Amino acid sequence: MSTETVAARPVVDAARLKAWLPKYGVYAAIVLLVVYNIFFTPYFATWSNLRIQLIQVAPIVIVALGMALVIGTEGIDLSVGSVMALAAAFIPLYLGYGVVAAILVALLAGVAVGLINGVLVAKVGLQPIVATLALFVGGRGLAVVISEGKLVDIRNPDFLYLGSGDLLGIPVLVWIAALMVLIVGFVMRRTVFGRRLLAVGGNRPAAELAGLPVKRVLITVYVVCAVLASIAGLLSVARIQSSDASSVGLLIELSAITAVVVGGTPLTGGKVRVLGTVAGALLMQLVIATMIKHNLQPSTTEMVQAVIILIAVYVARERKTR
Amino acid sequence: MTNVSGPETPAIVAEDVRKAERTDRVVGTIQRQGALAVLVVVVLIALATFPNFRSFDNAATILVAAAPPMLIALGMTFVIITGGIDLSVGSLYVLGGVLAAWASQYGILAAFLLPLAVCGAIGLVNGLLIAYTRMAPFIVTLAALLGARGLMRAISAEGSNTYLVQDDTFRKLGNGSFLNIGYQVWLVAGLVVIGMVVLARTRFGASVYSVGGSEDAASLMGVPVRRTKVWVYVLSGLLAGLAGAINAAKLGSGVTVLGTGMELDAIAAVVIGGTLLTGGAGTIAGTIAGVLLLGVIQNLINQVGNLNSNWQQVISGAFLALVVVAQTYLVRLRRVT
């Protein structure tokens, strides 16, 4: 009897669309935009255009991955842009000791910031937005102080290879971003840590009662997020071939949060959509690229971005209330 | 709520309750007046160590510089007490400035009304979305941040066109002074007093607190939860637009590059002033102290000639961390007793 009622339903009924949209809407939007561009945008379907788009989106993807993990714990990290600036400030100072040393110092800066954020959230019990706000304000200032406000040109060819080199015909930046996606995806799907993260984000009191190391999980998440941000920071320096602490990563926290949200990760925690986050970043990049190619001004692009964010969150909200 | 049950005798319980109430009062006072106390200490130290800080002109400079942030923080205080947040104010501030400068060619009234109308309308959209769709304030106002910035760039030819203020009266309002204190400061002081009265003495103020305390309880008590939420975002938008307008009057033009990060400065000031980001508690007096504290720190850093002005951000950040950590412990202390 129940099979009959199912068969009697129309193919596209509202309820099913509501369940489908938040999950696959972002992919559908990407496909639609790509198809539109292939037909109507000159020089869109070229290898060089694809390269440029991917290189531009790679740092955002890396930062957004960390942001997705933090949001999965019902947190938020406003300090990612400042971490990028810190990493950028340290690179020219330590490149004299070798590429590895410079990268290590930049990553250590990320670890330090992540630890501060994590401890403030997990042990002190601050709201994530406040805890990370302090470093958002102070971190970039510190980065500018460290670099004495100077824009430093980077000439080390080994380091620049990270930002402008190719490996098997694909930019190194894109390989690194893809590797990060794979690692984060693996961690979320296959490891105990991933499951614990979701448990902490889904219901923290329950996770505590179940004896999960809630505080350790939270601290680790903020450290991972900051380290990913410092990777994005050093890659940005390698791409731009200069380090400017006052501009690297400016407002990237907004782009990252947008990518995560558009990708279908709810701000209420307990769920992380890794591929969705990548798709969210790609969609926003694609929107911007499409509008620029059609000679629309950046101002219009920003307003369109605003509308996309609202639609994405509104759609996701429908699913949550059901 | 003190739970008075258990095996203790009533006399001991009463004694405990009294003690708990006393601790509660002391901790509560520290939490509310902490920023003020720190402000007084910092100002006293500054008066003793920096001769240049001691002049009346310097004090007036601090107040004038603090006027726009004060307006934004005033609106933000209302929003945060309801348990929300408004990230769009930085963009609305810049947008308001550009609109005011452009509209000043049609007279001083237009220079005020246009930014108020547009920024108030964006605040209204924020409020309606937040109150009626239950979307997170963080995201809605983030979208408004982008949208308002886009609008600002659209009317300023992608930020390349700086409108000069055409109206002399409007410009005078930004630079003139009464009793050697800028008109702006008087205006802001007036609005702050009104804000205090509204928050502490009116039904709307009571609604703001009760929405932030517990939305469910508030709606059971018959508080118009949605309407209250809509109004606080309208208020925040209006004040951000007004702040932009008076800044344009001061600078004589609508500057398109300022204002990034202004929302976070305002949030920092409100939080330093003792308003809890969880909503339900906070005062405008605290916010004044928070804004002034950040302003004085900036002023002091300018006084130390050889100190890089970027230290201001570092010190503000460290300060913010310190204050919120202290606050969290104070709140916990209250709950335990």
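Cβ coordinates come from backbone N, Cα and C, glycine included.
All TrEMBL annotations are machine predictions without curation.
Since we're looking at a predicted model, the values are computed, not measured.
Taken straight from TrEMBL:
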- A:24-44: transmembrane segment (TRANSMEM)
- A:50-71: transmembrane segment (TRANSMEM)
- A:78-95: transmembrane segment (TRANSMEM)
- A:101-122: transmembrane segment (TRANSMEM)
- A:129-147: transmembrane segment (TRANSMEM)
- A:167-188: transmembrane segment (TRANSMEM)
- A:217-240: transmembrane segment (TRANSMEM)
- A:246-267: transmembrane segment (TRANSMEM)
- A:274-292: transmembrane segment (TRANSMEM)
- A:298-316: transmembrane segment (TRANSMEM)
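Long-range contacts of the transmembrane segment (A:217-240) within its own chain (CB-CB distance under 8 A, at least 6 residues past either end) are made by residues 55, 58-60, 62-63, 65-67, 69-70, 72-73, 75, 77, 79-81, 83-88, 91, 102-103, 106-107, 109-111, 113-115, 117-119, 121-123, 154, 159-164, 173, 176, 180, 193, 196-197, 200, 248-249, 252.
Beyond the transmembrane segment (A:129-147), the same-chain residues lying 6 or more positions past its ends with a Cβ under 8 Å from any Cβ of the stretch are 76-79, 81-83, 85-86, 88-90, 92-93, 113, 116-117, 120-121, 243-246, 253.
In terms of C-beta pairs under 8 Å, the stretch of A:101-122, A:167-188, A:298-316 lying closest in packing to the transmembrane segment (A:246-267) is A:298-316.
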